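Following: one structure in structure tokens, then a few remarks.
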Amino acid sequence: MKLLHLSLLFTLSTALVLPLNRRPRSESTNTHTTSLLATKRGTVFDVDVAIGSNNQTFKLLVDTGSSDTYIVRENFSCLSRTTNMPLPEASCNYGPKTYKDSPTYQEVPDETFGVQYGDGIASGVMAYETITLADVTVRTKLGIADTSTPMGDGVNSGVLGLGYPCLTSAHPGEHTPNDTYFFNRAVYAPVFNTMFEQGKVEPYFSVALAHTPLNRTENGFGGYLTLGDLPPVERKGEFVAVPVEVMHNVPTNFTAGRRDRSYWAMTISAVKFGDAELFNDKNEYGKEAEAAFTTHSTAFQAFVDTGNDFSYLPAAIVDPVNARFEPPAVYNEKLGLSVVDCAAKAPVFGIELGGQTFYHQGEDLIYNTGKGYCVSGLVSSESVAMGNIVLNILGVPFLKNVVAVFDFARHEMRFART
């Protein structure tokens, strides 16, 4: 779920250090792992999903910050997000493939699909279809979008939502105004939940996003999504486990009237940062260097979002960190972002979870826009607040530095350094 400067809309917790595997990993080669495609200069991550019985395979954006899976239908209508006026279909920038009804398609009567993200909306009908993801096949509900605002990356044709069910965006009735998509939800089981509820996979999935070169312009390998197991990447040390928390600053009418888990939210116990020269030639730092770091020790809640280019954190953290770039990042009011020299040295920056600090590679804190300038990957969450609702998000910059496990059965997340 992207905020992208069009905002939508916390309980201290304990953490555990766990062995790397929940159980001994199977020696079978049939692990449900699929590779990801990194697009938009390494900020968007798409996965192959087969939908229907007529051999239709699409790229969908992997999104832990929302819960619906949707696909745009052939001949969909593209609308301006600001004027609601029709645009050419190509303006929505979806991939070349759009969904065609298959023999296994079954529309859900008296129900509509309508979802609002930070950067746009999609709407249409709810339907049952056959879906295959990472060699797991299930018949499940999803959204078939007849209308969308521009949200594609030129490759994907929709979104694979991996959040909790109470964020799903089906609505009762044959018509739902597009200014009410946050409300009046008809909650249903998302794709992955249907898979584990039918016993086809263990009730957790894991993500490992690849470090992508700052100046890479072409699409390329983006890491892995694994269902019910761990991805095939090297990890450093043990996993830290943190419980998934209810976000108490999100109104209950946004979450189907429930005060329940919705986003993959947790408490960040501290943030550490320091000057770039504290790194050694191996891009590491010892205890003496760490003693020179600044520590922001006020705990706060955030949720983990594979679908967000940026990390949105409190201004009390973001502003001094952006000032530590060499040369410093400079806030651009028109962009709502901090512009930074593409060759700048990034500061040391780490997120503390359960007593372990997850430091970011410097290159992951700089986003090359492809428009002749670069921006910091850290944005003030207050700058995109809606009224008094402020959401902190750990997006792609954080996720490129960890293996992340999202466990519905234990209601916890686990992280290990990569």
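Glycine too: its Cβ is placed from the backbone N, Cα and C atoms.
As annotated by TrEMBL, active site applies to D63 (among others). Using a 10 Å Cβ-Cβ cutoff, D63 (active site) registers 24 neighbours. Under the three-state DSSP scheme, D63 (active site) falls in the strand class.
Over all protein chains present, the Cβ of D305 (active site) has 27 other Cβ atoms lying within 10 Å. Annotated active site per TrEMBL: D305 (among others), in sequence order.
Residues or ranges marked as domain 'Peptidase A1' by TrEMBL: 45-416. Each residue in the domain 'Peptidase A1' (45-416) has a pLDDT score, and their mean in this model is 94.
Per TrEMBL, the feature signal peptide maps to 1-15.
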Between the C-alpha atoms of D63 (active site) and D305 (active site), the distance in angstrom, to the nearest integer, is 6
